[in-house]
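As given in TrEMBL:
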- 1-21: signal peptide (SIGNAL)
- 22-47: region 'Disordered' (REGION)
- S166: active site, nucleophile (ACT_SITE)
- D192: active site, charge relay system (ACT_SITE)
- R206, D211: Ca(2+) binding site (BINDING)
- H277: active site, charge relay system (ACT_SITE)
- 350-485: domain 'PLAT' (DOMAIN)
Amino acid sequence: MKSLQLLSFLLLSCIITPANTHGGKKKEALGSQSQHTRAKKDQQNSETKFRLYTDKTEESCQIFWNQLETLDKCGFNASLPLVMIVHGWSVDGILESWIWKMAAALKSQHKQMNVIIADWLTSAHQHYPIAVQNTRYIGQEIADFLEWLEESIQFSRSNAHLIGYSLGAHVSGFAGSYISGTNKIGRITGLDPAGPLFEGMSPTDRLSPDDANFVDAIHTFTKQHMGLSVGIKQPVAHFDFYPNGGTFQPGCHIMHVYNHIAQYGITGITQTVKCAHERSVHLFIDSLLHNDKQSTAYWCNDINTFEKGMCLSCRKNRCNTLGYNIREERLPKSRRLFLKTRAHMPFKVYHYQFKIHFINEIQGKQIDPTFTISLTGSKEDAKNLPITVVEGINGNKTYSFLITLDTDIGDLIMIKLKWEATAVWENIWDTVQTIIPWTKGTRRPGLIVKTIRVKAGETQQKMTFCSQSINNLHLHPAQEKTFVRCEDRFQRQNSK
Ligand SMILES: *[C@@H]1O[C@H](CO)[C@@H](O)[C@H](O)[C@H]1NC(C)=O
Ligand SMILES: *[C@@H]1O[C@H](CO)[C@@H](O)[C@H](O)[C@H]1NC(C)=O
């Protein structure tokens, strides 16, 4: 834990302390919107290089603003949509490898588009606060570029989709708000939009839903340290996705950190601290590469409620698809969507809510059992999935759990519920049996589980499973009970 804190500290200090000391330049004055009055006459000296991706590995062709012939030369096709990739703050002043992966993924799945990399490295490779100030300036340049495309070759801004990572998300937001006229850019996607100096700012000072016809954001590294988080926590879009709660990501843990450092030496540190931040990018690339593995996310108040499985509804826009293939629905208020993912591509998991009604026969005594569940599906099985009862089991009540599966098991046919008993438990249970007078005959008091109700998030299917042994509904430590699909009275009562 100490090491993790140290790494986070390193990350934050490299964000906040100078990366290099030259190059603050004249743009430092562009700190706020009112000061933002850059004249169009210096367009020729654009800080941003617009590189059209040319299908070839890590190659691009630069389009020069106000030089129409470069559009032709590079092969820009005005009748196709444009996706513009906007990178973030730069530590080493080179284009990071994810940019090329993203460009290739866009082209491979959707060949019919122009992909431009907005290279603003010279302004991004600065002290973090200066790079932050530069985001407005670069946003204006992108806005000017899109206006030029519109005036010169009638390319409609509504056909443009900006994908901005980290600081690039806010650059895209500024491009959207600075573009002149009433029409907006088609779509902006913010990939873990940067937090420091943007969190809590007014919508005009960061990426916000007003910046495009449709705005989506994926938040992957909002874990707080010293009051700051690398990615912005607050919603900034029409749909804000928080994979695994958005704070941190699976596969980015300390064990992996050590492996990474062992593999890459000290530069492994930057790779590793970026792991959760950059996960947003790879989730998006995943959505392009795996058409058959699109991840669904669900509207929920918070991650704790989500982890009880209580938010798996798709009614009335409550769920949406993460990444490129999102359903573009403009809602008056930002919607926070949650999902679980795997630690690597394809990231998709299948979400299930399990509602189990327990009657605890030992009245007045709370118990904290550990259960595992095994599922038989029409395609595959899933064995020994742990379920944790957070609040303990008391009296006569329904408990709700979230279970996620890495694979599609098909239709759920049968459930086995096992009470994982420890030796201690067996003991207590035997003691209870001997001291409680109302245990008649040979029957031990236990937990009664009659039915299990299941909702599958991905298919929205609801099912009820009944205990196979109708004459003995009791579950005791170390015992396993089988549940099969049954006529569903509960569901019909519920839907009334
Ligand atoms: C531009 O794209 C359209 C639509 O795919 C295609 O018909 C046309 O030939 C392309 N133009 C050029 C110059 O490649
Ligand atoms: C459990 O609660 C339900 C509804 O509150 C009630 O109908 C049922 O009799 C209770 N069962 C037991 C064993 O207490």
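Note that Cβ sites are derived from N, Cα and C of the backbone, with glycine treated the same way.
Annotations in TrEMBL come from automatic prediction, not curation.
Computed from a predicted structure; not experimentally measured.
Positions of the features from TrEMBL, shown on the structure.
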residue	record	contacts (Cβ under 8 Å, 6+ apart)
S166	active site, nucleophile	H87, G88, W89, L191, D192, P193, A194, V230, G231, H277
R206	Ca(2+) binding site	H170, G173, P193, F198, I232, V236
D211	Ca(2+) binding site	S172, G173, F174, A175, G176, S177, K184, I185, I188
Query: What counts of helix, strand and coil residues does DSSP assign across the domain 'PLAT' (350-485)?
result: 13 helix, 72 strand, 51 coil
Statement: Here the active-site residues are D192, H277; the one whose Cβ sees the most other Cβ atoms within 10 Å is D192
- request: For the domain 'PLAT' (350-485), would you mind checking the mean pLDDT of the predicted model?
  value: 84
